[in-house]
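A.B. asks: Structure in structure tokens, see below.
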Amino acid sequence: MNAIVALCHFCELHGPRTLFCTEVLHAPLPQGDGNEDSPGQGEQAEEEEGGIQMNSRMRAHSPAEGASVESSSPGPKKSDMCEGCRSLAAGHPGYISHDKETSIKYVSHQHPSHPQLFSIVRQACVRSLSCEVCPGREGPIFFGDEQHGFVFSHTFFIKDSLARGFQRWYSIITIMMDRIYLINSWPFLLGKVRGIIDELQGKALKVFEAEQFGCPQRAQRMNTAFTPFLHQRNGNAARSLTSLTSDDNLWACLHTSFAWLLKACGSRLTEKLLEGAPTEDTLVQMEKLADLEEESESWDNSEAEEEEKAPVLPESTEGRELTQGPAESSSLSGCGSWQPRKLPVFKSLRHMRQVLGAPSFRMLAWHVLMGNQVIWKSRDVDLVQSAFEVLRTMLPVGCVRIIPYSSQYEEAYRCNFLGLSPHVQIPPHVLSSEFAVIVEVHAAARSTLHPVGCEDDQSLSKYEFVVTSGSPVAADRVGPTILNKIEAALTNQNLSVDVVDQCLVCLKEEWMNKVKVLFKFTKVDSRPKEDTQKLLSILGASEEDNVKLLKFWMTGLSKTYKSHLMSTVRSPTASESRN
């Protein structure tokens, strides 16, 4: 937990002071901190508790060395400190605890070594013992801001027979920059800090009662002659907390308590990345992967059986049998096993729109979204594959069936993206069909060479693209809503390519949710046609193109989702018995 725990004291001579603080260090300690100990002075060892190893390093400093440390410290000068304002002796390096589980160090000093942290702790100390006080001046309170951090403060009194009112004022503060985390930790911190305070007050009460029994200060003060002039009281008005509790190991114990408090509070609340339900694309990809693994297992089993039964064949025959034909390789590629080229010719939808032109791209995108067959004829296989890789981003994964490159025409039920070599003949009914679009790639004449809008990629300037269809999309046709939004995003030059990709993901998720509602409404609940029309108008998809798009995208729903909906349908007998 990134926090600082500090013990503060209100000195009658110097005001609010920080006595002791423990901070968390995630980075290695600076060179020289605790590494200059001589073997004779040694390191006192060390107690392991809860995965934390505590080192108490005591070094003997010369006066000159102590003075140099004091001058570089951001804390108050020695002349401004009394016995009650000081915790560790001059030259004491502090306490360090190593957490072996997380490689975190918990370091305790009288003041933080960093000037900015010292300022934050100093301000929190002053506020906790002056203006930010719980009613009754003893108890917990929360205050702070974004600039100086947020503070959980618990003020309390310690008995002192020589102090005004026989008690001194202290506070334990916890400082964090995360307000929500600190508020959620309030019950935990309150209980543990209250335990530390009770222990300190119990020790001080025993010392106070012993001193009162030996020399009652109340009787002595009552017998003192009254004078209207101010004078210094008898005894030491500035007593250290170690003398008030009669505990020489007080600071080591406080370091252990504060280090455990920081570790336990940080381990108590942890952040977890909560992902939502898997999208339809994720479910479809998982189903395809499972099918491929199942096929490979069955293929391996059948090969093993054939090897046991069949005789050994010559090498040439074996190689010929394992070679797949063009149709087989194309169909396997449609299952997602083909690898797109590393440097695509078409880089994005925006790039393709610049190359083809706005009217041709709109026609092509309309056919893609409607589920019609998209045929590319080109000698460049990489060009065709890059085009399909870009166009498939407009569809859900379950609606994509690709044959990247084939030497013969494949029917539309087998694929909606088909790559063909230029010499392949397309059937006449496909050429005149309104459910297909053909993109022919020809070598451009020198007179028709033109820039494609990308200075760093001139590979497409040698091509000419002709987009034809049996049912060209009219320029004044509204088209599906998602197509208009995609074009608006592509034409907005203020949006980068990455932002457009994320916008496309959001649009697909939006329309897949509409598809799920329509599927549940029509296929599962079997609602009448009138109710379906009302639902489509509510979804904002009552236009003809939107309805066709929803019906096509419905084929991309995962089997998992469909089976889940079907299994939750109540049988007529069960519903009648409930009624």
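Glycine is treated like the rest: Cβ placed from N, Cα and C.
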A.B. asks: Considering the residues Ser246, Ser461, Ser496, Ser542, which is the one that Swiss-Prot annotates as phosphoserine?
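C.D. replies: My reading of Swiss-Prot gives Ser542.
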A.B. asks: Looking at Ser421, Ser571, which one is marked phosphoserine in Swiss-Prot?
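C.D. replies: Among Ser421, Ser571, the one Swiss-Prot marks as phosphoserine is Ser571.
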A.B. asks: Looking at Ser119, Ser469, Ser537, which residue has the phosphoserine feature per Swiss-Prot?
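C.D. replies: According to Swiss-Prot, the phosphoserine annotation belongs to Ser537.
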A.B. asks: Hey, which of Ser240, Ser348, Ser406, Ser558 does Swiss-Prot call phosphoserine?
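C.D. replies: The residue tagged phosphoserine by Swiss-Prot is Ser406.
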A.B. asks: Look through Ser73, Ser471 and state which residue has the annotation phosphoserine in Swiss-Prot.
C.D. replies: Ser73
A.B. asks: May I ask which of the modified residues Ser302, Ser537, Ser542 is closest to Arg164 (site 'Essential for GTPase activation (GAP) activity') if we compare their C-alpha atoms?
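C.D. replies: Spatially nearest to Arg164 (site 'Essential for GTPase activation (GAP) activity') by Cα position is Ser537.
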A.B. asks: Looking only at Cβ atoms, how many others are within 10 Å of the one on Ser542 (phosphoserine)?
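C.D. replies: The Cβ of Ser542 (phosphoserine) has 13 Cβ neighbours within 10 Å.
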A.B. asks: Determine the most Cβ-crowded residue among the modified residues Ser406, Ser537, using a 10 Å radius around each Cβ and all protein chains in the structure.
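C.D. replies: Of the modified residues Ser406, Ser537, the most buried by Cβ count within 10 Å is Ser406.
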A.B. asks: According to DSSP, does Arg164 (site 'Essential for GTPase activation (GAP) activity') sit in a helix, a strand, or coil?
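C.D. replies: Helix, per DSSP.
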A.B. asks: Roughly where does the domain 'dDENN FLCN/SMCR8-type' (493-558) sit in mean pLDDT, to the nearest integer?
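C.D. replies: 90, rounded to a whole number.
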A.B. asks: How many of the residues that make up the domain 'dDENN FLCN/SMCR8-type' (493-558) does DSSP mark as helix, as strand and as coil?
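C.D. replies: Helix (H, G, I), strand (E, B), coil: 50 helix, 0 strand, 16 coil.
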